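Working notes for the structure below.
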Amino acid sequence: MAEEKYNMKNPAVKRILQEVKEMQSNPSDDYMSLPLEENIFEWQFAIAGPPDSEFEGGIYHGRIQLPAEYPFKPPSFMLLTPNGRFETQTKICLSISNYHPEHWQPSWSVRTALVALIAFMPTNPNGALGSLDYKKEERRKLAIKSREAAPTFGSSERQKLMDEIHQYMLTKAPPVPQLGAEQTSDEQATNQETDAVVHPQDGDDIAAGDEEPNPEADDRVVADVREVHVNANAGPLRVSFSAELSVSRRVPATGSSEQVQTQEVRVLQRSDDRLFTWAAVGLTLAIVVLLLKKFLRSSGVDVASIGGFK
Amino acid sequence: MGNNEKVAVAEEEKKSVNEVVEVAIETSYVDNDDWATYRDDEVMQQHNAIQAEEAHKLPFVGDKEPLSALAAEYQSGSPIIQEKIKLLGQSFSAIRRTRGDGNCFFRCFMFAYLEHILESQDKAEVDRIKANVEQCKKTLQNLGYAEFTFEDFFALFLEQLESVMQGNETSISHDELLTRSRDQSVSDYVVMFFRFVTSGEVRRRAEFFEPFILGLSNMTVEKFCKASVEPMGEESDHVHITALSDALGVAIRVMYLDRSSCDTGSVSVNHHDFVPSISDSPNGTTNAVAAKPVMTLLYRPGHYDILYSK
């Protein structure tokens, strides 16, 4: 970074250079963002689509503009990769970005804002300005397409930076899970049915985790997963979420990451085991009852009187 | 049942959502109705226009005016207020107004404290407050703030503190102090420094402040700091004043100019001294406190100005 080019007495410049340094020394698997060399108030970024959403595996590029009054005034965000959630080349309406200037605070940073942006992707747009409400399948198609290359935008220097960021994100972002929508719902249904027959209570729990009707709860889950990625040391959090929530959602998951697969296998095994246990217990009980009846009848005791005694 | 426990754990984890994301998501629901028809740049523009209008009326910190200027304001106003201003005139000679932009308390504190140091050249006091500032830095680190989000603000305050001490290359005159207090790139940074210190102190002693905050706003301590302490332009209440006074160990006297009076008809000006509590000092030192108020502020509902004793 050409530090001598900028007035180091300018507190905004000082702060921004600090953030660049911090971003470079603590890179994340979920996003990457760097300023243009010619203008540190202009950044390029890419975020990985949040896991367990139709954006998973997608790489979404965008630009950030920092105001001269940064960090007192918020940065503004704009996506460049078609994604089905936010319009491209339109300032994004997040309360963390400058849509609601009164909510921004100097203790936030580009990093905080990117984390929030990822968490926002699977939320319901509620008709907010600059938001799109594409179908899941459409979004999934865009996610696959987004991996091909960074979008074409701006100067050659900017393009170069975007291509670099794209290469970096390709090494970090998991592939798009390859499953058709119908397949998923079929599998979901069977799995829940099996569970319900075997043990209704367990079946309910899993269904509750999977078909959470409350959109806010869903948001929170995603937000949690995001947070985990920021504080890499909180790894177990993510694991436990995968275990609870992706049980039936991603059963076939041929192309998905290994970690999640192991989780699924384990969970499936658990329910299989349960099925066998209960079947065995049921059978044993039935046999015992039958034997008892036979024994009592053969020894001449009135079965009906025992029933009455109960 | 193992599964239920798992769900309970998951619920528990859902609660520990990244607060920034939480704030962001909540506001996105609330604000959709009010703000959906405005574009973010329009909101920003309006915000800037209001600020420019205010700036036109009064600089961040005004000139010293005789107390008669205050009396002139209430010439045809409430007789109780007029009576109280007369009483104030017995002990105070002048007033210095600050801009009513929500930062007035912090702006008063900045100017009055630095002016006090400039005039007293009290080296011991400077050393004392520096130690407290260092402690505040540790508090923020312990609370998990990223250092780069607050270090610039701390550095800028310490720089001003150095400057008002005479005999250095960087020493400044009283006029220069006034100029700097009116310069946004210094004034806002120092205000933000105080906001960080205040927020850190409130959160460090959350148990102590919680009942006051609940009585004031029905918010959690965390939310209160995010919504009412850290953002610029949020007005200060007795919670802010207590926290700042305690954290820096600086006593503050506030004179209350309102229309309250005794039943007997006699009028007196109420005042309150915010004397830093020494028992709860983080490092256990009890000598880091100046118990005598170093500044007197005039409070009129919703606004603070600086008063000068005779």
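A Cβ is built for glycine as well, from the same backbone N, Cα and C atoms used for every other residue.
Features reported for this protein in TrEMBL:
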type	residues	note
ACT_SITE	B:D101	active site
ACT_SITE	B:C104	active site, nucleophile
ACT_SITE	B:H303	active site
DOMAIN	B:93-310	domain 'OTU'
SITE	B:Y256	site 'Interacts with free ubiquitin'
SITE	B:D258	site 'Interacts with free ubiquitin'
SITE	B:Y299	site 'Interacts with free ubiquitin'
SITE	B:Y304	site 'Interacts with free ubiquitin'
> Going by C-alpha positions, which of the active-site residues (B:D101, B:C104, B:H303) is nearest B:D258 (site 'Interacts with free ubiquitin')?
Replying inline: B:H303
> Do you know offhand how many angstrom separate B:D101 (active site) and B:Y299 (site 'Interacts with free ubiquitin') by C-alpha?
Replying inline: 15
> Rounded to an integer, what is the Cα-Cα distance in Å between B:Y256 (site 'Interacts with free ubiquitin') and B:Y299 (site 'Interacts with free ubiquitin')?
Replying inline: 5
> Do you know the mean pLDDT across the domain 'OTU' (B:93-310)?
Replying inline: 91
> Three states by DSSP: which one describes B:D258 (site 'Interacts with free ubiquitin')?
Replying inline: coil
> Which residues in the same chain, at least 6 apart in sequence, have a Cβ under 8 Å from the Cβ of B:Y299 (site 'Interacts with free ubiquitin')?
Replying inline: B:V254, B:M255, B:Y256, B:L257
>> Rank the recorded sites B:Y256, B:Y304 by how many other Cβ atoms lie within 10 Å of each Cβ and give me the one with the fewest.
In response: B:Y256
> Three-state secondary structure of B:C104 (active site, nucleophile) from DSSP?
Replying inline: helix
> B:D258 (site 'Interacts with free ubiquitin') has how many other Cβ neighbours within 10 Å of its own Cβ?
Replying inline: 14
> At the level of the C-alpha atoms, what whole-angstrom distance separates the residue listed as 'active site, nucleophile' and B:H303 (active site)?
Replying inline: 7
> Who sits close to B:H303 (active site): which same-chain residues at least 6 apart have their Cβ under 8 Å from its Cβ?
Replying inline: B:G100, B:C104
>> Using a 10 Å cut-off on Cβ-Cβ distances across all protein chains shown, tell me which of the active-site residues (B:D101, B:C104) has the largest neighbour count.
In response: B:C104
